[in-house]
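Per TrEMBL, these features apply:
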{"type": "TRANSMEM", "residues": "39-61", "note": "transmembrane segment"}
{"type": "TRANSMEM", "residues": "123-142", "note": "transmembrane segment"}
{"type": "TRANSMEM", "residues": "148-167", "note": "transmembrane segment"}
{"type": "TRANSMEM", "residues": "205-223", "note": "transmembrane segment"}
{"type": "TRANSMEM", "residues": "419-440", "note": "transmembrane segment"}
{"type": "TRANSMEM", "residues": "813-841", "note": "transmembrane segment"}
{"type": "TRANSMEM", "residues": "847-867", "note": "transmembrane segment"}
{"type": "TRANSMEM", "residues": "879-896", "note": "transmembrane segment"}
{"type": "TRANSMEM", "residues": "934-954", "note": "transmembrane segment"}
{"type": "TRANSMEM", "residues": "966-985", "note": "transmembrane segment"}
{"type": "REGION", "residues": "1030-1083", "note": "region 'Disordered'"}
{"type": "COMPBIAS", "residues": "1040-1063", "note": "compositional bias 'Acidic residues'"}
{"type": "COMPBIAS", "residues": "1064-1077", "note": "compositional bias 'Basic and acidic residues'"}
{"type": "DOMAIN", "residues": "1077-1140", "note": "domain 'SAM'"}
{"type": "DOMAIN", "residues": "1145-1213", "note": "domain 'SAM'"}
{"type": "TRANSMEM", "residues": "1279-1297", "note": "transmembrane segment"}
{"type": "TRANSMEM", "residues": "1309-1332", "note": "transmembrane segment"}
């Protein structure tokens, strides 16, 4: 043990030890910024090349098949019999894209019937555009392309580019304007050559080039901007503010305060967001408060109107064409649809439709994944030249004639080839100069939707290449015409990192702070981060608790806050606020909000309400536009747990999905549980399966129903609407399960009910510590299961109303949720039946006996949970889990044996002696058929194993999770049987379950087994006094008049000595910190009317608040305070006493140590035992409780508790403990500020918010007692319903399984239906997983760069390039930090 001299070393004796290697700063390479791997870069190049080839090939084939059809129209001119089939196929070719667009638009606008349609002016423009396109395409297809040669037609399609080129030259960047003028001159020369060729080949029909111009006019950028132009928002009067807050908004109408004029109404101002979507001009919030979706819904309504007009006009043009051609419509109808796949024209039409559709889908994929330069732009620029080259070269053209079965005139005519070549060269060069530069420099955002990439989310197969060029949105069009949108997009995106913290360990806090430190190094000027940590129960009577000090002690190592005195220390209505500016490029704001449980409500939900309202109603007010409007669309809250681990790349991935679609209210990430042990192994597989299938299925089918608060991003505009409901109190038992058992799930349920979509981003990853102990795991899942069932039931019962506000909640999604809810409810009985069947295969145990035994175990465990304490429940749960694990191992072997028998086809046992007689294999019972000798169970298990193997291969980084599947299999009955029973029975438990403070009774009696038995007998026979006696507690009650046996160590005149002790403490006050609060004597502490209890407190060693703070409510009862009102009053006062903490240190001598503990009366006893120095105090570490009583004479309960606690702290402090002590001293030295003096507006906000919903309720006047009774009734109802349903399910399954007559494919009907339903769910989840993996692959490709050393590409990059000055500062930072540490 160290000597006191070690602890008394002064600063003058300290030396500079920075030259030592052990004192050098450790650079953890594992926490460095993640860079894209070479595999990601290589994969992006490969996918770019593949899709570039696919896109180019389909563009070329689409154009070649089109000219093949045109040749059929040319041959018809000289035919005596009209080729009705060719005309009908051309009509189908024109109608197909519009029919697809019509169906897609109907699907996408379903559920948004309350939205306004485009006004009359816009509908007129849509009709004009549709008419121009339809007429132009008719002229191009039936006149322009049939009037000239094939190569002339290829050049003619480029004729209309002169119109958009002139437009972009005028509206484009002035720097490139000389090149643009050059491109106009070149394009005019090419257009003149095209006109010359058409006049030379067919002078009378050269006018048909007008059709190309008409098509280009229909897609003129100016016309598109007028159709999709945003409606200008009404300029509000920024002097007229709405006097309301988020909390006091009613959920049905957020435009009016809940209680106008009342004192509880929050009087600070809240501006409503008038932000609109990026492309359409329909606002996100209508005046009546209804939610309006983003641009995609409005765009699809425009597509619907446009497709309808096009279909009508094309059909009308058919009749006009038949009339001009003098064709019989009846003959065309009878003969034109007589198609055959052997006909070359039919094959050409099918090939053209397929290649056009594939080309458009490929173009959308390339633009969504940010590979558009190589896989979109280059194929578009090369498609026409490639087609031209194929047609000009004789060898390739001859091959095309054979491949497409075309006549000889398909190839180029040598007469006009030279002019056509020059025309194509001029057109191509002009397009490259304008569109090549325009699309190459395009602002890219990952995973944009189709409606955000293209004006019309559709295609035109006749002029596919030209349509894509004109339909693709460019920066010029958005900036010149969407002024309001561009103004808001240029605003800084704000992300508030909000963390709720309670009693996390040092390691967990360190992990969070390391993640925040990475975020603080963000160099982008387009995004602003703030971090706010809300710590529950961190302040008591202006004293910080040990967890608050532990957090502050980590700031130096984790966040590089070298000088804690730079803190802004502000006392607030809720407690204490500590704020810093973190070192980094942007000096990120970092705030720790220390909550006082006596001033505001505790628990996670109320901390969430605090930071949500703080951001929405106070911080957002500081970020408004010139009109005074708040734009919450680009303001986000990143919620984290106190033990989460994440990277800036994960934050970027979440923001990608939030920024691309304003209808997304929240995005959650892939969570990896951290820890070790069997319980963690179980959770690793459970988390993996939940994300692979459950979250992916919810994401694809409708909306994710839970974005965990451990790491998710929420949109501020979405939270503003639902916060009033989320801040409501619990008054019903069912509300308690929904609101307080799983606050994250309820928050997401409210978002879905209000029309928002929640997405799952697998590209974003985070890690969080999960429960490692059985008890903590069960307590956590007790809350989760109850909350999940309650929220799912609420969602299903109100699904019809929810579908009216959220069109994503489809019938399939509701059916899926119903099946999951039912399967969870009958989980125990299902496990019982499966285990019984497995035991029959493994050990040949009768199924009925096995089921009865398991039901008996179920009843016994339910009884234990009902009537025994928590320790009994956990111990019995562990025992049942172990027994079921052994049984499941046998079941697993039995199932493998049955599967082997079915596959081999032999019914004899494995151990049977083989005789000399040849045994003919028989068909095992229960198989589907003799041709397929496998049962449905085997088939189901085989499909399930195949699905898991494929899923694991698609998640290569999660391969190790599959190895934990065996642990999950063994513990399956515990998770679906034992845990369900425990959760239902304990829904009355309102505790959080995890990280709870372990309660102790400082005067707890030691009960032996016979005393417990005697107590039970007394209560049963009612022959003795039921009141608990205090003789076993060792306490002196108010009725006791005798003195304790150890009273000789206390002077006779105890009060006088107490006064002397107080005087001695006053004399030594200079040794103590000035700010440290002194203890209060029990006589002064006790309220009037209870002074009579001072004697009993003093006799038991609780003479001041240091000792009183250790008492519990049970202790007060054992002290003999019989009046319930007195006990409640005293316990409330005890809870307000700051916890007395003893610093870990080696004291100078026993006298000063006892004086600091308030136990100086025992100095003679220590002297008598020769404990006179710090070295002598080493003996105390080996003292037991009885040794302290006998040798030191410390027998009073309060003194004994204090000395035991102090002995535990007798050791050399660790580096962390020294840091905590140092931080505490520095925080004490920091200048105190009062919020009402510093910021009156913020002070008023917190005061009003506390008054509105955060006032801590009194235990006596709260609804906890009534609520607990309601919860007990709800618990009894749930137990009864669950028991009846599960018993009925077991009886039905067992009865049908034993019936020989009721057999379908070797199994009973109910089992067949059961397997089919759950097989359908499994396959549905698997398909949704495949779809989600594809979207994740798109996200991964979009983010990956093309060159090594580059950062990930994101919608808003957190790491922008640094200037030379900033790089120099970054290089000097380590040296400056080292010098500051030395000083």
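The backbone N, Cα and C atoms fix where each Cβ goes, and this holds for glycine too.
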Please average pLDDT over the domain 'SAM' (1145-1213) for the predicted structure. 88
Residue distribution over DSSP helix, strand and coil in the domain 'SAM' (1145-1213): 43 helix, 2 strand, 24 coil
Taking DSSP H, G, I as helix and E, B as strand, the domain 'SAM' (1077-1140) contains 35 helix, 2 strand, 27 coil
Near the transmembrane segment (847-867), which same-chain residues lie under 8 Å Cβ to Cβ, leaving out any that are not at least 6 residues past its ends? 828, 832-833, 835-837, 839-840, 873, 876-877, 880, 977-978, 981-982, 985-986, 1279, 1287, 1290, 1294, 1297
In terms of Cβ proximity under 8 Å, which residues at least six beyond the ends of the transmembrane segment (879-896) contact it? 774, 834-835, 838-843, 857, 861, 937, 941, 969-974, 977-978
Looking at 39-61, 148-167, 813-841, 934-954, 1309-1332, which one has the highest count of Cβ pairs under 8 angstroms to the transmembrane segment (1279-1297)? 813-841
Per the 3+ Cβ pairs under 8 Å rule, pairs at least 6 apart in sequence, do the transmembrane segment (148-167) and the transmembrane segment (205-223) touch? yes
Any contact between the transmembrane segment (1309-1332) and the transmembrane segment (813-841), i.e. 3 or more CB pairs below 8 Å with pairs at least 6 residues apart? yes
Below 8 angstroms Cβ to Cβ, which residues of this chain, lying six or more residues outside the transmembrane segment (39-61), approach it? 351-352, 355-356, 358-359, 362-363, 365-366, 369, 371, 374-376, 378-380, 382-383, 386-387, 390, 464-465, 1340-1341, 1344-1348
Same-chain residues at least 6 beyond the ends of the transmembrane segment (419-440) with a Cβ under 8 Å from one of its Cβ atoms are 149, 151-152, 154-155, 158-159, 161, 164-165, 168-169, 172, 176, 179-180, 182-184, 186-187, 189-191, 193-194, 196-197, 200, 372-373, 376-377, 380-381, 384-385, 388, 392, 412, 469, 472, 474-476
